[in-house]
Structures are given as C-alpha cells and as structure tokens.
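Features reported for this protein in TrEMBL:
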DOMAIN    77-216  domain 'Nucleoside diphosphate kinase-like'
BINDING   Lys85, Phe133, Arg163, Thr169, Arg180, Asn190  ATP binding site
ACT_SITE  His193  active site, pros-phosphohistidine intermediate
Amino acid sequence: MFARSFVRAARPAAASMKARAFSTGARASAAAGSRMATFATAGAIATGAATFAYYQNSQSPIQAGSKPIAGVKGSFSERTFIAVKPDGVQRGLVAKIISRFEERGYKLVGLKAVVPSKELAEEHYADLKSKPFFGGLVDYMTNGKAPVVAMVWEGKDVIRQGRVMIGATNPLDAAPGTIRGQYTQVVGRNIVHGSDSFESAEKEIGLWFGKAGELIDWTSANEQWILSDN
Ligand SMILES: Nc1ncnc2c1ncn2[C@@H]1O[C@H](COP(=O)(O)OP(=O)(O)OP(=O)(O)O)[C@@H](O)[C@H]1O
C-alpha cells in the first residue's frame, strides 16, 4: 500500500525532474556545442525515500546556484570532475569506476554521457596544447566512437582522493589497486580523468556541466555515518 502510493506520488516528481534535467542539459549542450544525452541524473539518484522527500519538498530539485560549482575547497562539499573516457566506455568499465567512488562514500551530484565538441576537448586539455599528442588526444575524445561519461562527485578531499584512486597518468607508474593500475597498459588509453586541483575542478565542472544547473544538491541518508568525527 505504502509502496504503491509512494510510486504513484513519485511519478510526477520524477517526470518533472527528468524534464528539467533534460532542458538544462540541452542548454549546456547548445552552449558547449556538444552532442550529449543526460541520463539518470535526477531519476537514478532520487530512489531513496529520504531523497524523494527532499525532492518532493523542494520547489526546484535542480541546484539553483546556491553552492559554488566546485563546492567549498577542503570541506565536505568539495567537488571534483571525473570522466570515463571513450576507451573506458567501450571496455564496459563505467559501472566499475562509478562503484569505486560510490563505495568510498562519495556523493554523485552530476552524470551524463557526452560526445564533446572539439572546442570543449581543446579547452579541457588547453594546458597540453603544445604536446605532440594533443591532436590525437582531442580526436580520440571527440570522434564519437564512444561518449565520455562525465561526472561530478562530492565529499571530503574528493579532488585529492580522486586522483589517488585513479592512479598515475602513465599506467606503468600507477599503483596496483588504483583504477589505472588495475585496468590500463598505456598512457594514451588510461580510461579515466580526474581534476588535479580545486582550480581545475572549478574550470572543468563549469565546462562540462554549464552553470551548475545540471548538478543535483541532495542529502545522503548515510552522510553522518561517513563524515562524522569523534
Ligand atoms: N605521452 C603521452 N602520449 C599520449 N597521450 C598522453 C601522453 N601523456 C598524456 N597523454 C594523455 O593526455 C591526458 C592528459 O594528460 P595529463 O598530463 O594532464 O595527465 P592526467 O592529468 O593524469 O590525465 P587526465 O587529465 O586525463 O586526468 C592523459 O590522461 C593521457 O590520456
């Protein structure tokens, strides 16, 4: 009985959330000149009763710019940009990468599949413009043979911890147990990206997720069990 009324009540809210996530996605897409499909951003997150209540009581489940786009540096609200690159998507490693962050207790606040425009990829990797592999890197990110799965994760020290979890850029130097140390062999196909500083996170989240409109500010029921100090 409860379950049925919950589902019935949830339907219109979920539908409006999806519509809103889609329209903000479309706006950002137009801005970045990218082809993208926003999926599961609002719908998959809003599965728990507590989260549902939060959405139900909220006029706008989509963040309206109340929080800085990369959260607050060094706080529980710090955010990082993590992307599964096309080789990771082709190899079916998206769920494994998401699981690592989820199981660590980090909170998923943004998720979408994107084939980025050349301009977006060039801006993302602007600091590598002079490198001989730059053209190939941009082509591999943008050729559409597979999308990039772009994500924003939130939690304590998530920028630094995200880099540790991902491992060194060159798989030869990546420690066993890190994502690259477990799944990759060569630097040109190292399956995942993570912001390397707060400033990079601000820039990258802004580039890939527009003006924070696509990010969902929600409260995890587990937060006190993951983030409390004695
Ligand atoms: N020597 C190289 N040959 C080919 N591709 C490279 C080389 N060095 C770096 N790359 C590619 O460029 C990406 C960006 O390089 P960068 O030096 O910024 O490392 P990173 O910050 O660990 O990587 P990412 O930005 O993807 O997280 C690497 O992840 C890799 O895909």
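Backbone N, Cα and C define each Cβ position, glycine as well.
Positions of TrEMBL features highlighted on the structure.
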{"residue": "Lys85", "record": "ATP binding site", "Cβ within 10 Å": "20"}
{"residue": "Phe133", "record": "ATP binding site", "Cβ within 10 Å": "12"}
{"residue": "Arg163", "record": "ATP binding site", "Cβ within 10 Å": "18"}
{"residue": "Thr169", "record": "ATP binding site", "Cβ within 10 Å": "14"}
{"residue": "Arg180", "record": "ATP binding site", "Cβ within 10 Å": "22"}
{"residue": "Asn190", "record": "ATP binding site", "Cβ within 10 Å": "22"}
{"residue": "His193", "record": "active site, pros-phosphohistidine intermediate", "Cβ within 10 Å": "21"}
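Checking the binding-site residues Lys85, Arg163, Arg180 against ligand 1, not one has its Cβ under 6 Å from it. The average pLDDT for the domain 'Nucleoside diphosphate kinase-like' (77-216) in the predicted structure is 97. On a Cα basis, the residue listed as 'active site, pros-phosphohistidine intermediate' lies 7 Å away from Lys85 (ATP binding site). Recorded residues Thr169 (ATP binding site) and the residue listed as 'active site, pros-phosphohistidine intermediate' have their alpha carbons 9 Å apart, per Cα-Cα distance. DSSP assigns the residue listed as 'active site, pros-phosphohistidine intermediate' to a strand segment in the three-state reduction.
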